[in-house]
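If you check TrEMBL, you get these features:
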- 30-50: transmembrane segment (TRANSMEM)
- 57-75: transmembrane segment (TRANSMEM)
- 101-124: transmembrane segment (TRANSMEM)
- 177-193: transmembrane segment (TRANSMEM)
- 214-235: compositional bias 'Basic and acidic residues' (COMPBIAS)
- 214-237: region 'Disordered' (REGION)
- 263-285: transmembrane segment (TRANSMEM)
- 391-412: transmembrane segment (TRANSMEM)
- 418-438: transmembrane segment (TRANSMEM)
- 467-483: transmembrane segment (TRANSMEM)
Amino acid sequence: MSLSSVPSFLSTPWLRIKRNLQVKNGWEEVSGALGDLGTFIPIVITLTLVNHLDLGTTLLFTGAYNIITGLVFGVPMPVQPMKAIASVAITPGDPLTVPQIMAAGITTAAVLVFLGITGLMTVVTRWVPLSVVRGIQLSQGISFSITACKYILINQALGGGSGGGGARSWVGLDGKLLAIAGLLFIVIVSGVGEVTRDLPQMEAHNVERMENLKMADGKSHSEGNDLRGQSKDPELGSSDIIVSHTEIPEKMEEKKMMKTRNWIKSITIPTALLVFVLGVVLAFIRQPSIGKQLRVGPSTPHVVHISRRDWRIGFVRAAIPQIPLSVLNSVFAVCKLSQDLFPSQDAVSSFNVSISVGLMNLVGCWFGAMPACHGAGGLAGQYRFGARSGFSVVFLGTAKLLLGLLLGSSLIHILSKFPVGLLGVLLLFAGLELAMACRDQTTRTDAFVMLVVTVVSLTDYTSYGSAMGFGCGMVAAILLRIRETKFWEKLCRLMPWMSQHANTEQDSATQY
């Protein structure tokens, strides 16, 4: 469709959607779309088998969420299960019912919408130090990685049945050797996740911004050379790429030569896609009767009746621990990580993300869809495996919709036989990518605050580990700020008697 055929009042949204779906490499986008499945599939399987969640309805709604967020945000914004609610829901001996799970999702969504509409989310986001956010990301990344290693090394009873807890065998269709082979394959092909093909464009962008800054400041060429490796521009200052005026062409040529020499980096291999396809094939091999158990046709969504007791239990047991996790990981951490990875995309703000999470659950939970949110781990995982635009999640959402319409809840027979070790491999790289976001905390003060948040969050003897870590990190950041000399100087100016007392003590010490 050409732009001239679009009505004038729709031209701006159409241009934005067209930009959000721009694709540089289709295979990488498809591979990146699957980078979040290490978290999505295990939780969905467990909730379906233990709590009788309607898988078909969940696929339909989460697929629609993926498509809408991809069109609106223009980044691979993930749609993940609300982990605290899922953790409480599958508690052995006292699992939550579907209405109670939905009540928890709706009340959590209502709180996020309230914080977004009132502007409180934006205000809080501005006052939270970056080191605290990095601590949240680091703790989540480490937590994902630990869970991934458990998937690889230990048998998991995802459906609540027997067979979990023992050491996974080395050989077999879900053995350690299979997971290790998948791990080595991804490392050999994609390394640590370098994006070499994007570097020349990023460097050219930084050169242009440096020239604009030099023209605006009226600096001479000699003064500009003194800015080698430094910039007052925030976007340039946060980049790992050298922005020197004289070094950029040489660095560009060097990186082009390195990219040409390495044949592995010169071809596109969708690693996550290949690992996922292998897992589906192995699922059919592990249980050949899966084909007979599949049923063609979608699940029929129905309105969930939520009693007053369900509202009370869902809010107290599941929503209260989920709310701080959603605020910190689904809003704060997601917004910051998106700004780091996609600085040109301005749609990912605390207001937009909180409203997005809220609306998803205020609609879908009434029909029995799994409570969902956005997550920094999912964004990191999808980016790690090649997702760079909204197209990746639009593709994933379309696949979920088609599967939900064609197979409905019978798809659980395939997912329940998917090798858990391969899911652990995907989750491991997602966790590592999220944890590596903290590498910009280079000062001792920032590193100290970040590690305080991480250590307390990982302690997590209750469901409030992230909230406790956030609170301790904020206290540490405030105390370190108070300790600075500039703070006391400002305080003395506000309180003259304090300044006079300090001068008196200084004079007495001098005389002595």
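Every residue gets a Cβ built from N, Cα and C, even glycine.
Panel annotation: around the transmembrane segment (391-412), residues 20-23, 26, 29-30, 32-34, 36, 45, 48-49, 54-60, 62-71, 76-79, 293-299, 382 of the same chain, lying at least six beyond its termini, place a Cβ under 8 Å from a Cβ of the stretch.
Outside the transmembrane segment (57-75) by six or more residues, the chain places 16-17, 19-21, 44, 48, 298-299, 301, 338, 341-342, 345, 347-348, 352, 356, 360, 363-364, 367-370, 372, 374, 379, 389-394, 396-401, 403-405, 408, 411 with a CB less than 8 A from a CB of the stretch.
Residues 47, 51, 53, 82, 85, 88-89, 304, 306, 310-311, 313-315, 317-319, 322-323, 326-327, 330-331, 349-351, 354-355, 357-362, 364-366, 368, 370-372 of the same chain lie 6+ residues outside the transmembrane segment (101-124) yet bring a C-beta within less than 8 angstroms of a C-beta in it. Sequence-distant contacts of the transmembrane segment (418-438), counting only residues of its own chain at least 6 positions beyond either end whose CB sits under 8 Å from a CB of the stretch, comprise 34-39, 41-42, 134-135, 137-138, 140-152, 155-156, 158, 168, 173-176, 178-179, 182-183, 186, 193, 272, 275-276, 278-280, 282-283, 286, 336-337, 340, 376-378, 380-381, 383-385, 450.
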